[in-house]
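Enquirer: Here's a structure for you.
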């Protein structure tokens, strides 16, 4: 519930990852023809407009005050310990099925399900009165969060690889702009328009209804990453189209040609499928130190980050319930996050040496901000620390994305980020079950933030110890020919790629 507004801006990670790997893979390809540009232009514009409108939910930043208001009359204990935890459990339960169905059904049906989920969420919020109904609302929030992978992946099915980097920027910008506009609009309605929370959520219901209608108008993609091999067959015939081999062909070069002999059994075809092969290859991929490090960061730090996002509105209401500036703070944090993500592209660091140190320092800063956030009685200090906390996380997101994606194929990259996200969701669920859920310790929000501070302190210690080991080892074995610093340089890959589980390489 509380995190869903942030996730519109924060969940472009698979999209950024896929665009990163494809930008590297397609940098040597042929230029994009003007006729092709005209062909995809309107489809991308419509999809970006859909991304903007689906992010327009001005009441979302004010859901916690609405639930705690006399109109709904839920207690802080009920919201903290019984309502919010359902979101994490729901997200964990549906993430993997929706990830697979997104590809199998070719994106559009999943976006329609997301639109329907948004509609159900706001209908329950406006009409529901019982605790069970609010928990059901959180269940649909988990579905809508899991469905966002469809938007991140959809846009890449509309254009050729040479355009992936550009359209990824367009789609992410449209979502960020939608979240920012929605937050500002919500704050203006509450602060200047004296609009009630009920009316604000009615406005949100209108926006999500329009977004759902837009999802029915989206064009049907003709291809997807893992499944639909028959639909992809024409695209995997370079002789007919004059293009290069697709990523699927690079991993399974013989699949696009029908066998002249007897048809293989379904079990054999399943074992030879790209998806199963890549699952086997993930084990070899994570043996690379840099990929392993940034995947660990993705799993553990994103867990702490999203737990803070889930419960920070409860904290604000506890610190100062009289004045509500949730929309303005979310708008400021979204703007700073976009700026930090942009600045990350210009950082010059020897990543193979100083990655652990950079992660450790930023994690320490986030831990300090959490300590201040959880102990201060000044709401403006609470707001400021939250904005900075989000900014530091978003600074590392593009770095992690490019470090992981730069040496992987598009399909393997998407699968890797899906696995990292799922493991992080499991860890969030464990945290919620132990510390937040009424069946566990059922801690109040200040106690939870102290737990988050301890969690980030332990992560900081682990990263800094790892940094010390890496730096000492490097300078002991330092060679004379060191490479100069690079801007977001990709992970080092040997000239002969490592063999993977199926005898092929991760980067074909």
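Keep in mind that glycine also has a Cβ here, set from the backbone N, Cα and C atoms.
Whatever TrEMBL says is automated annotation, not expert-curated.
According to TrEMBL, the protein has these features:
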- 246-257: compositional bias 'Basic and acidic residues' (COMPBIAS)
- 236-266: region 'Disordered' (REGION)
- 480-508: region 'Disordered' (REGION)
- 83-102: transmembrane segment (TRANSMEM)
- 109-127: transmembrane segment (TRANSMEM)
- 139-163: transmembrane segment (TRANSMEM)
- 202-221: transmembrane segment (TRANSMEM)
- 296-316: transmembrane segment (TRANSMEM)
- 328-346: transmembrane segment (TRANSMEM)
- 353-372: transmembrane segment (TRANSMEM)
- 378-400: transmembrane segment (TRANSMEM)
- 412-431: transmembrane segment (TRANSMEM)
- 451-472: transmembrane segment (TRANSMEM)
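For each feature listed, report its degree of burial, its nearest neighbours and the pertinent distances within the displayed model.
Expert: Long-range Cβ contacts of the transmembrane segment (83-102) within its own chain (Cβ-Cβ under 8 Å, at least 6 residues beyond either end) map to 1-4, 67, 74, 109-110, 131, 134-135, 138-143, 145-147, 149-150, 153, 224, 226, 310-311, 314, 418, 421-422, 425-426, 428-429, 432-433, 436-437.
Listed as Cβ neighbours of the transmembrane segment (353-372) (distance under 8 Å, sequence separation of 6 or more from its ends, same chain) are residues 290, 293-294, 297, 301, 304, 308, 381, 385-386, 388-389, 392-393, 395-396, 403, 449, 452-453, 456-457, 459-460, 463-464, 466-467, 470-471, 474.
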Enquirer: Under an 8 Å Cβ to Cβ limit, what residues of the same chain, 6 or more beyond the ends of the transmembrane segment (378-400), are close to it?
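Expert: Beyond its ends, the transmembrane segment (378-400) has Cβ neighbours at 6, 10, 13, 16, 294, 297-298, 301-302, 305, 308-309, 312, 315-316, 319-320, 323, 325, 329, 332-333, 336-341, 343-345, 347, 358-359, 362, 365-366, 369-370, 372, 488.
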